[in-house]
Amino acid sequence: QWKTAKSLAAVGGAGENRLTKYGGMNAAVRAVVRMGLYVGAKVYFIHEGYQGMVDGGDNIREASWESVSSMLQVGGTVIGSARCKEFRTHEGRLKAAHNLVQRGITNLCVIGGDGSLTGANLFREEWSGLLTELVEQGLIEQDSVQKYSALHIVGMVGSIDNDFCGTDMTIGTDSALHRIIEVVDAIMTTAQSHQRTFVLEVMGRHCGYLALVSALACGADWVLIPEMPPEDGWEDKMCQKLSATRSRGTRLNIIIVAEGAIDRHGKPITSSFVKDLVVKNLGFDTRVTILGHVQRGGTPSAFDRILASRMGVEAVLALLETTANTPACVVSLCGNQSVRLPLMECVEMTQEVQKAMDEKRFEEAVKLRGRSFENNLKTYKLLAHRKPESDLNFNVAVLNVGAPAAGMNAAVRSAVRVGISEGHKVFAVSDGFEGFYKGQVGSEIKWADVGGWTGQGGSLLGTKRTLPAKHVDKIAAQMRQHNINALLIVGGFEAFESLLQLFEARATYEEFCIPMCMVPATISNNVPGTNLSIGADTALNAIVETCDRIKQSASGTKRRVFIIETMGGYCGYLASVGGLAAGADAAYIYEEPFDIRDLQANVEHLTEKMKTSIQRGLVLRNENSNENYTTDFIYQLYSEEGKGVFDCRKNVLGHMQQGGAPSPFDRNFGTKISAKAMQWVTRKLGETFRQGRVFANSEDSCCLLGMRRRALVFQPVVQLKGETDFIHRIPKEQWWLKLRPLMKILAKYKTSYDVSDSGQLEHVVHNRPKELDASVAM
């Protein structure tokens, strides 16, 4: 049972050190306000951060349901952020306490960086003393001290630098990466007409996360970050690398520099210095692009909206469950799970990173940043720098199976380069198993052959839905002919079915008694054994971007409801999670059966909202949610029932959800998960190589690599059969169904919300055990 909530306030972007605005902050504010109202609290906005809290007056205003409408797609923060020197003083905090007590506010939700959160914790610790002082000055009554005896605080981290320890991702980071990658992709197109070197300077005064991840996502030739300064003599090594890639026919070189990049002696490495170095040593035509505050702006990505919405709801739950003895906590993301961590433990560890860097303990600084950062760095090193040719031990085939998904090419590039680094010959199979049985096994694919693949959409290898069962004899013959010792498949549900068929074929054909691994890649996110698939994030961004445009098209017109059909087969992931990110009023899916009474209730609910203040409504429908209640039927029903209140429009998004350049998340997820899969293949080859041949027939040698909550897990495909609904091609249990009540709450429905899966308070650990190593949240 939740205790009765009295009042809570959202402080957005307190930004003590510099003005801070991040994509996704408005989604967090919206979620806090609506979840607060849902649980019966009185919710306040505190405008202009701590400055507004100190100044009081109109800066502290009560929030209503409607006051957070139409803000999901807006960048920055609508409640403002400001530096506040006064709040750093005792007198300033005394004024702030007086302003809060006057309004009965004892619960604060602070969205900001480590400076903002540290200030909030100090405020909390001083609270009782501040109240006593206010009584002594005659500003409040004695009974207020008892009534408002404790101040409860929950933090959410907003920072594009992702420099806060304890969380895999901070609000705003993914949106910033979108801006960076858009620029990189635009620059890459100029390579068609010019041979150029581009030096990109990205934000990151003390943290190289943006530089590192964008380098990984675009396959940059060189990256310079503050946590891991290059060894002495790096200038010559970098120029040799650029020269070598240019000599292999590459028309474009990209160097990414974090604004805080330094060398081993603490001397800054600037983008202009890098440019002059390249021009002087190589004579290459070189350009500098400084992204600056472009990275902070723009529309928030789907990932940031979902992350911020989940964190906002979790923050309200944490406030309701906290007591006077509970330490102030920060809501964090670990893998795909919300967790609560003691705020000051996170702040202290964040400060430890800076201390380690100041003392030139760089390897320790990388470890303190967390396993996700460390793995990003390891993966970049593995993929960016070509290893000396070693004795090639095994032949590994890589292929795509199923429908195309953005990020597949990044996964193949990663697999090829890690395979070569591990000493294998890698063969690319065109057009999936159809190409395999037709003999479309290409010659050995080399390191340079996959250059520039990360930003390419679709499947450059070609992909088909054909399953191997009918042609298993021809495929076995091809494997025998090319002496294939291991198989890596990047694909969707068909890839999963294919692995099952190949596993069963082991009884007849020894050619399939080899290590086989699958990396999930499908926009539908319908593969069993994984919470996320490569391609789903890009599809979500396509849906959200389209929904934003469609809603904007109704701006200034009369009230209007849009019915939008999404892809996904029988899996409602895109409709549900896209609906959460776009602020939908309803999302119809197969997994949650609905009838005419539900449709009628939704229409009435929307009609009621439209009569008050909402101007636009959004309804999503998964393509196979119901064979009778089609998109046309729902459109006609809403049109008829909404007469006199709103009119209707419909839109079928279709294959635009499959196209486009992959999102930063999909590029990174594909890169890292595929690298991990190839390393597993190498281990299995070593374990199963006996008497001059590879022989693997155990269940654990035919696996799917998936993300389960907080861990990346290799799971035998045979063991996943029981978890699968093969008729509808979906897992029997799907984690994202728990997000559906959240979408309904934020759309003003009265519904029950399951708090059993909410985050529990944990302690920060410097190094999580390997089994908890999800390391995929970019």
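Glycine too: its Cβ is placed from the backbone N, Cα and C atoms.
The feature region 'N-terminal catalytic PFK domain 1' is assigned by TrEMBL to 1-385.
For 23-318 (among others), the entry in TrEMBL reads domain 'Phosphofructokinase'.
TrEMBL lists D114 with the feature Mg(2+) binding site. Long-range neighbours of D114 (Mg(2+) binding site) (same chain, six or more residues apart, CB within less than 8 Å of its CB): V157, D163, F164, C346, V347, T350, Q351.
Summarising the annotation, TrEMBL assigns substrate binding site to S159, I160, D161, R196, M203, G204, R205, E259, R287, H293, V294, Q295, R296. Note on R296 (substrate binding site): other Cβ atoms within 10 Å of its Cβ, all shown chains, come to 20.
Look at TrEMBL and you will find 395-681 (among others) tagged as domain 'Phosphofructokinase'. Looking only at the domain 'Phosphofructokinase' (395-681), the predicted model's pLDDT averages out at 93.
The region 'C-terminal regulatory PFK domain 2' annotation in TrEMBL covers 395-778.
Residue environment of R560 (beta-D-fructose 2,6-bisphosphate binding site) contains 20 other Cβ atoms, counted within 10 Å of its Cβ in all protein chains. Residues annotated as beta-D-fructose 2,6-bisphosphate binding site in TrEMBL: R465, 522-526, R560, 567-569, E623, R649, 655-658, R729.
Non-local neighbourhood of R465 (beta-D-fructose 2,6-bisphosphate binding site): V401, G402, A403, G432, E494, each in the same chain, at least six residues away, with C-beta under 8 Å from its C-beta.
It is 31 Å from the Cα atom of M203 (substrate binding site) to that of Q658 (beta-D-fructose 2,6-bisphosphate binding site). Put simply, Q658 is the one of the binding-site residues R560, G569, H655, Q658 whose Cα lies nearest to the Cα of R205 (substrate binding site). Here substrate is bound by S159, I160, D161, R196, M203, G204, R205, E259, R287, H293, V294, Q295, R296 per the record. The longest Cα to Cα distance in that group is 32 Å. A Cα-Cα distance of 30 Å separates S524 (beta-D-fructose 2,6-bisphosphate binding site) from R296 (substrate binding site). Cα distances from R296 (substrate binding site) to the binding-site residues R560, H655, Q658 are smallest for Q658.
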